[in-house]
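Participant: Below is one structure. I have some questions about it.
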Amino acid sequence: MGGAAVDEGPSGVKAPDGGWGWAVLFGCFVITGFSYAFPKAVSVFFKELMREFGIGYSDTAWISSILLAMLYGTGPLCSVCVNRFGCRPVMLVGGLFAALGMVAASFCRSIIQVYLTTGVITGLGLALNFQPSLIMLNRYFSKRRPLANGLAAAGSPVFLCALSPLGQVLQDHYGWRGGFLILGGLLLNCCVCAALMRPLLAPRPSGGPQPSRQPRRLLDLSVFRDPGFVIYAVAASIMVLGLFVPPVFVVSYAKDLGVPDTKAAFLLTILGFIDIFARPTAGFITGLQKVRPYSVYLFSFAMFFNGFTDLTGSTASDYGGLVVFCIFFGISYGMVGALQFEVLMAIVGTEKFSSAIGLVLLMEAVAVLIGPPSGGKLLDATCVYKYVFILAGAEVLASSLVLLLGNVCLGKRRQAAPPPAEDKLHQPPADLRVDSQEVEHFLKAEPEKNGEVVHTPETSV
């Protein structure tokens, strides 16, 4: 099943860019769909939980918050597990955890127990699946990696469109307990996806002993020495502060304008439908030969586009304006979703990606917990949705500027940097003058005679 050697990224293995990689891509598509859509889809059971336990909406909202916190905050733990045991074993255990949490939640008698089962256990299981699936995708695709990332990221909107109606049907027929039990069984498909993650093995040399493997750090903190990674991590953390705010408040924004509940909820369907096509399209464009070297700047543009859409969406005064906002937000949101991990892979490379993604997700976890609640507090203080969208847009715009200006300055710094010191060691000193006659005499001198070294005045010490 691999072990630690699986994720050392053997240099002798070339990414197949196809073949079994398409099976890995399918598994990553399913895992991404469960990881991002499940915390949102479980919200259809909130009213039943409120009635069952006699609690308020804010208490049930903690279920989704804990799920997202586990998905992001356990990034370093996932990195350590992957570097120690390999992707496939970690994902198998994660699939069991995800299913076990939902099954156990169907027997809960208090909301605290639901927090621990659905939030902590299922959230940890999804985290143990999400990060290793991206690592394996990075191993199997190189030239087609941007397209593969875009297709895998499309799992999020596809599963969101499917899981929310499914959850409603399960609740109507079996109640929230039966729905949780069936969803737990559905999450066992994560184990099937884990079985698809076949490790890439380096070819064995013909004859001779196997080359010894160098021990690998369980969590490689040396990525922080890379200025490109630091710029990316800071920009991504700022971006997450405002990225998830508009989808949370757009339905309430429409209702505040007097839009009926059914039409208001349809806005998320529009957003998700556009997002489904935006992610693969963005991945295909990024994979073009002339575009791929500038993927970081394309990612910066996607963030700028998303922030600008938030600012213009704040001026919407009717349902038509919100529909236009959701269309453009779906395009920009899909671009961000398709490019965020592709850019990180391009910055740190295959060997350090398992540690880099864990550290980035940990930094983003804080922003995920701060972003939507801060928008809610601003809404409580002002009772104006316009300010919430302006705040979210300003945060995403700021992240795009951090990424753009940081990489521009980094590029100029690298161009102005002097050649490495190692090259200077091989260059002869400028003031050293060699007599050509002396060199010719030395080369013509007979170095050996009768098996004994002859010492000449030029060679004697």
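Placement of Cβ uses the backbone N, Cα and C atoms for every residue, glycine included.
Fair warning: this is a prediction, and the values are worked out from it, not measured in the lab.
As listed in TrEMBL for this protein:
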TRANSMEM  20-42  transmembrane segment
DOMAIN    21-410  domain 'Major facilitator superfamily (MFS) profile'
TRANSMEM  62-82  transmembrane segment
TRANSMEM  89-107  transmembrane segment
TRANSMEM  113-135  transmembrane segment
TRANSMEM  147-167  transmembrane segment
TRANSMEM  179-201  transmembrane segment
TRANSMEM  222-244  transmembrane segment
TRANSMEM  264-282  transmembrane segment
TRANSMEM  294-313  transmembrane segment
TRANSMEM  319-341  transmembrane segment
TRANSMEM  353-372  transmembrane segment
TRANSMEM  384-405  transmembrane segment
Participant: Which bits of the chain, at least 6 residues beyond where the transmembrane segment (319-341) starts or stops, bring a Cβ under 8 A of a Cβ in it?
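Facilitator: Counting only partners 6 or more residues beyond its ends, the transmembrane segment (319-341) has Cβ contacts under 8 Å with 134, 146, 149-150, 153-154, 156-157, 236, 239, 243, 246-247, 250, 253-254, 257, 259, 263, 267-268, 270-283, 286, 295, 298-299, 302-303, 305-306, 309-310, 312-313, 357.
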Participant: Summarise the model confidence on the domain 'Major facilitator superfamily (MFS) profile' (21-410) as a single mean pLDDT, whole number.
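Facilitator: Averaged over the domain 'Major facilitator superfamily (MFS) profile' (21-410), per-residue pLDDT gives 86.
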Participant: Is it true that the transmembrane segment (222-244) and the transmembrane segment (179-201) have 3 or more CB pairs under 8 Å, sequence gap of 6 or more?
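Facilitator: Per Cβ check, the transmembrane segment (222-244) does not touch the transmembrane segment (179-201).
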